[in-house]
Amino acid sequence: DVTPLMRVDGFAMLYTGLVLLASLATCTFAYPWLEGYNDNKDEFYLLVLIAALGGILLANANHLASLFLGIELISLPLFGLVGYAFRQKRSLEASIKYTILSAAASSFLLFGMALVYAQSGDLSFVALGKNLGDGMLNEPLLLAGFGLMIVGLGFKLSLVPFHLWTPDVYQGAPAPVSTFLATASKIAI
């Protein structure tokens, strides 16, 4: 345990490496694409770096608070990356759609975490595992919290039936951003 919020173990290192590899591949694929833009090339790399930091935090999460912070840290730069080619109508539309729907999914996730905390009294993965082992799984408040968390995480992972945003956003986003969105954000979660 690095802190109560993070744990570095073999799986965390594996997923951290995969997120970094996906980020490197995104930046490599984006280099020729960015040649067509005269300004703000550095912002693209900064946003990818911040999203990679969120993915690393997410891969090392040991607490629901760090899980939420990691998800938001990977999502917020993606809003800008999806709309990076904002002069194209499709890219701007995809960015607005992703921003609004992601905010709704984040609110479901956060409300689910609040319900889980209200029932269990702890947000640590270890303590939640112990509480679930003690027969607390039948509590309606806990089940509602986990259900809301599944809705929020299902949106972020593009799971059925929360995947309807995916084709529009992937089509409207620049190709390197779609690559990052389809790989690094899913690997981290």
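The backbone N, Cα and C atoms fix where each Cβ goes, and this holds for glycine too.
Model, not experiment: these values are computed from the prediction.
The transmembrane segment annotation in TrEMBL covers 12-32 (among others).
Positions annotated as transmembrane segment by TrEMBL: 44-61 (among others).
Under DSSP, residues within the domain 'NADH:quinone oxidoreductase/Mrp antiporter transmembrane' (61-189) fall into helix, strand and coil as 102 helix, 3 strand, 24 coil. Annotation comment: TrEMBL describes 61-189 as domain 'NADH:quinone oxidoreductase/Mrp antiporter transmembrane'.
Annotation comment: TrEMBL describes 67-86 (among others) as transmembrane segment.
The transmembrane segment annotation in TrEMBL covers 98-120 (among others). Listed by sequence, the residues of this chain that lie at least six past the ends of the transmembrane segment (98-120) yet keep a Cβ under 8 A from its Cβ atoms are 64, 68, 71-72, 75, 78-79, 82, 127-128, 131, 136, 139, 141-142, 144-153, 155-156, 162, 165, 169.
Per TrEMBL, the feature transmembrane segment maps to 140-159 (among others). Through the fold, the transmembrane segment (140-159) approaches residues 71, 75, 101-102, 104-120, 165-166, 185-186, 189 of its own chain, all at least 6 residues removed from its boundaries and within a Cβ separation under 8 Å.
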